[in-house]
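Below is one structure, written out as C-alpha cells; comments come after it.
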Amino acid sequence: MADKPDPSSPADGPEPLFSFGVIADIQYADLEDGYNFQRSRRRYYRHSLVHLQGAIEDWNKESSMPCCVLQLGDIIDGYNAQYKVSEKSLELVMNTFQMLKVPVHHTWGNHEFYNFSRDYLANSKLNSKFLEDQIPQHPETTPSENYYAYHFVPFPKFRFILLDSYDLSVLGIDQFSPKYEQCMKILREHNPNVELNSPQGLSEPQYVQFNGGFSQEQLNWLNEVLTFSDANQEKVVIVSHLPIYPEASDSVCLAWNYVDALSIIWSHQCVVCFLAGHTHDGGYSEDPFGVHHVNLEGVIETAPDSQAFGTVHVYPDKMLLKGRGRVPDRIMNYKRE
C-alpha cells in the first residue's frame with residue numbers, strides 16, 4: 001500500500017527501546033464471505049488467513065524486529081463449531097503463526113468460547129501463560145488458576161498484563177456449575193430480553209451474552225500487580241479482548257463491569273495504554289488520567305485489498321503505533337509525572 005510511509009522505519013530519530021506487533025479478530029473460517037448479524041458489514045472469513053500471512057511477513061522483515069506479537073482474541077470464527085471444524089481451523093491458523101520469528105501472546109474472546117470450552121483452551125496452544133514473568137518476592141502478583149491472566153516484562157521497566165475479560169461469562173463453561181449460575185444471574189439481572197445477545201432497551205447495553213467481565217478475584221490481582229509497578233516505576237500496557245472505555249468503543253462491546261476495571265487502573269500511576277479488540281471498527285481515546293485506549297480494527301472485516309494490523313514502537317516518552325491498512329497511525333505520549 002503506497003499511501004503510507006515505510007512502517008519499518010518508525011521515525012527519523014532515535015531507535016525505539018523495543019517494538020511489538022498487534023492484531024485482532026482474525027476470525028478465520030473456511031467459508032465464503034458473509035455478513036454480521038445486522039447484515040450491515042461484510043466479513044471475509046477465508047481471506048483473514050491471507051491477511052495474517054501478510055502481517056507475519058511484514059513483522060519478520062521489519063528493521064526493528066518486534067519482541068512479540070499480541071493477538072487480541074477471536075482467532076477463529078464461531079461458525080467453525082457449527083461445521084465441526086474448530087480444531088482443524090485452529091490448527092491451520094496456529095501453523096500460520098509458526099512462520100513468525102517471535103513469541104505470540106494470545107487473549108481469549110467470545111469466539112474462542114463458541115468453539116471450545118475453557119478447560120480445552122487452558123490445555124491448548126492458545127494458552128500462552130508459559131511466557132509469563134513471575135515476581136518471586138511478591139507472591140500476591142501471581143495470578144490464580146481460576147482465570148486466564150498473566151504479566152510479562154518485554155523490556156526493563158515495562159510490564160504487560162493480559163486480562164481475562166470472560167472470567168465472568170456464560171460462554172465456554174459447564175451449564176451446571178456454580179460459576180455459570182452466578183454469571184447467568186448477573187446477566188439476567190441486567191438484561192431481561194429473551195434473546196440475551198440483544199441490547200434492545202438496556203440502560204447498560206454491555207450486558208449481553210457475547211460480552212463478559214472480570215471477577216473480583218482477578219481485579220484484586222490486577223490491583224496488586226499495578227501496586228508493584230507503581231512502586232518500581234514501571235510503565236504498564238494492559239491487553240484484553242473486551243474494551244473498557246466508553247469513549248473508545250461502541251457501548252454494546254464493553255466489558256460488563258468495565259467501571260470496576262477503570263477505577264482500579266485510575267487509582268494507579270503506571271498504566272499508559274489499554275489494548276483491545278472485539279469492536280471490529282476500531283476506536284481510540286485518551287482518558288482523563290492519560291491512559292491511551294486503543295481498540296484495534298478487526299481483520300475479519302478487512303477487504304482483500306487492505307490490511308489490519310500494526311507495530312507499536314516504544315520510546316522513553318511515548319509509543320508510536322504504525323498501522324497498516326485500516327489501522328491508523330497513533331502517537332501516544334505518556335502522561336507527565
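Along the chain as shown, the residues are counted starting at 1.
Here the Cβ of each residue, glycine as well, is placed from N, Cα and C on the backbone.
The 10 Å shell around the Cβ of H280 (Zn(2+) 1 binding site) contains 24 further Cβ atoms across the protein chains shown. Per Swiss-Prot, the feature Zn(2+) 1 binding site maps to D25, Q27, D74, H280; the stated evidence is similarity to another entry.
Annotation source Swiss-Prot lists Zn(2+) 2 binding site at D74, N110, H241, H278, citing similarity to another entry. Reduced to three states, the DSSP call for H278 (Zn(2+) 2 binding site) is coil.
Summarising the annotation, Swiss-Prot assigns N-acetylmethionine to M1 and lists similarity to another entry as the type of evidence.
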What kind of secondary structure is D25 (Zn(2+) 1 binding site) part of, going by DSSP in three states?
coil
Of all the binding-site residues given, Q27, N110, which has the fewest Cβ neighbours within 10 Å once its own Cβ is left out?
N110
In Å, rounded, how far does the Cα of H241 (Zn(2+) 2 binding site) sit from the Cα of H280 (Zn(2+) 1 binding site)?
11
What is the interatomic distance between the Cα atoms of H278 (Zn(2+) 2 binding site) and D25 (Zn(2+) 1 binding site), given in whole Å?
7
